[in-house]
């Protein structure tokens with residue numbers, strides 16, 4: 001319990017930045033050296049701010065004030081907490097109701113497709129059994145004896161149906177990964193083909209066998225066996241169309257994120273545009289670094305700062321329009337272009353220096369904390385089993401020693417909105433449980449990882465919009481461009497066909513590898 005209280009106090013005490021200088025800090029500390037009264041327990045060091053576990057480790061406002069901080073910003077802090085009120089307008093209610101209607105429509109479409117496929121699959125598996133059982137039920141006494149041949153055919157039908165059942169379960173009964181805007185063309189064609197095939201078999205069975213009450217039972221059983229064989233061939237066709245056809249790479253797609261320009265290349269086979277978009281999104285969450293809008297605000301603030309430093313005077317009187325002022329500001333900004341690159345250079349150099357400095361402090365703090373954990377483990381092994389610390393308690397015990405260094409580094413690199421206190425404690429306890437090194441613990445924070453590494457609620461977009469000039473059910477072609485849009489950014493996908501490569505062979509005789517060493521008289525050996 002004490003370890004938890006220390007963790008919350010340390011975490012909350014450093015959750016706000018301060019603009020005091022070192023001199024003001026020394027003066028304030030000297031003023032507070034007087035003896036405290038009996039009611040003086042409410043000092044600054046005893047203030048505790050309880051934050052929800054789901055909130056980020058640092059507020060988003062801290063990144064906007066990062067430029068004016070010094071290295072001792074967190075030592076004299078005063079934190080004020082309060083409540084916030086949220087209001088919902090009529091537009092928000094209309095948008096929420098529209099989203100609910102769209103989600104209901106997507107659920108109905110998905111469940112309707114699953115219902116149709118399940119009913120058709122049940123009909124397919126019951127049809128051969130019905131073909132065999134109906135003559136035994138309706139005109140059993142008139143059937144010709146079949147004997148051993150029919151018994152062998154029964155065993156064949158049973159095993160073929162079992163193989164077909166396992167293959168159908170492996171190929172079709174999968175949890176859907178996404179809701180596509182259009183139907184999957186090949187799967188719909190297969191369902192139509194199976195329905196027409198079973199319907200034609202039932203039609204022939206009703207006309208030639210049921211109406212005439214055919215007494216050749218061996219022929220009826222062979223008719224059912226031919227149906228099962230045909231179904232196995234259709235299942236093989238489904239494997240070729242749905243799985244094998246797309247394995248051979250035919251196209252190379254370039255995926256570019258519109259905000260920061262990060263790009264990746266992927267190889268795809270024969271896929272429709274909507275299925276290619278699904279593959280791109282699956283690879284995006286795995287390969288692309290997490291989208292961080294805080295890194296994009298630096299260039300905008302820099303441009304706004306340059307434009308704010310310009311003043312335009314209207315010497316022609318109030319009759320002059322705003323267009324002339326805009327042209328004057330643009331011309332003045334162009335004249336300052338030669339000096340702006342120097343400011344950019346020094347800003348980036350200062351930021352890199354600050355990042356390296358705080359990174360070194362973080363590495364030292366984490367290494368010292370992990371050393372303390374190793375010493376605790378060696379001492380706790382000599383105590384009773386009831387006094388041992390679990391990984392969660394150990395993580396809470398060492399977290400305060402590294403909290404401020406980690407907090408400063410996350411603010412400097414603008415990653416604070418992706419790491420909450422609870423997630424850091426869970427990762428720390430995971431590393432302690434698996435006996436991982438400090439370098440393994442810091443890997444998540446020193447290098448921005450893929451999107452899937454972070455909390456799902458902070459990055460996952462529930463809905464993507466596919467924008468394409470071509471039909472989304474059409475196949476990929478050379479030069480096709482489509483866009484995947486979400487709330488904050490978009491992914492631009494450009495498709496290029498892999499060129500045809502022609503290889504030629506040239507034979508080299510092994511006996512031709514003969515060499516002669518030529519020595520000159522001037523050469524010293």
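For all residues, glycine too, the Cβ spot is worked out from N, Cα and C.
A TrEMBL annotation is a machine prediction, not a hand-curated record.
Transmembrane segment is the annotation TrEMBL gives to one range among 53-72, 73-92, 153-172, and that range is 153-172. Residue ranges 184-204, 247-267 are listed, and TrEMBL annotates 184-204 among them as transmembrane segment.
Looking up the ranges 19-41, 111-133 in TrEMBL, the one annotated as transmembrane segment turns out to be 111-133. Record note: among 224-244, 287-307, 224-244 is the stretch given as transmembrane segment by TrEMBL. Here the transmembrane segment (153-172) has Cβ contacts under 8 Å with residues 117, 121, 125, 128-129, 132, 218, 221-222, 224-225, 228-229, 231-232, 235, 238-239, 242-243 of the same chain, all six or more residues outside its ends. Long-range contacts of the transmembrane segment (184-204) within the same chain, counting only residues at least 6 positions beyond its ends with a Cβ under 8 Å from a Cβ of the stretch, are 116-117, 120, 123-124, 127, 227, 230-231, 234, 237-238, 241-242, 272, 275, 473. Sequence-distant contacts of the transmembrane segment (111-133) (same chain, six or more residues past either end, CB-CB distance under 8 Å): 154, 157, 161, 164-165, 168, 172, 183, 191, 194-195, 198, 201-202, 205, 220-221, 223-225, 227-228, 231.
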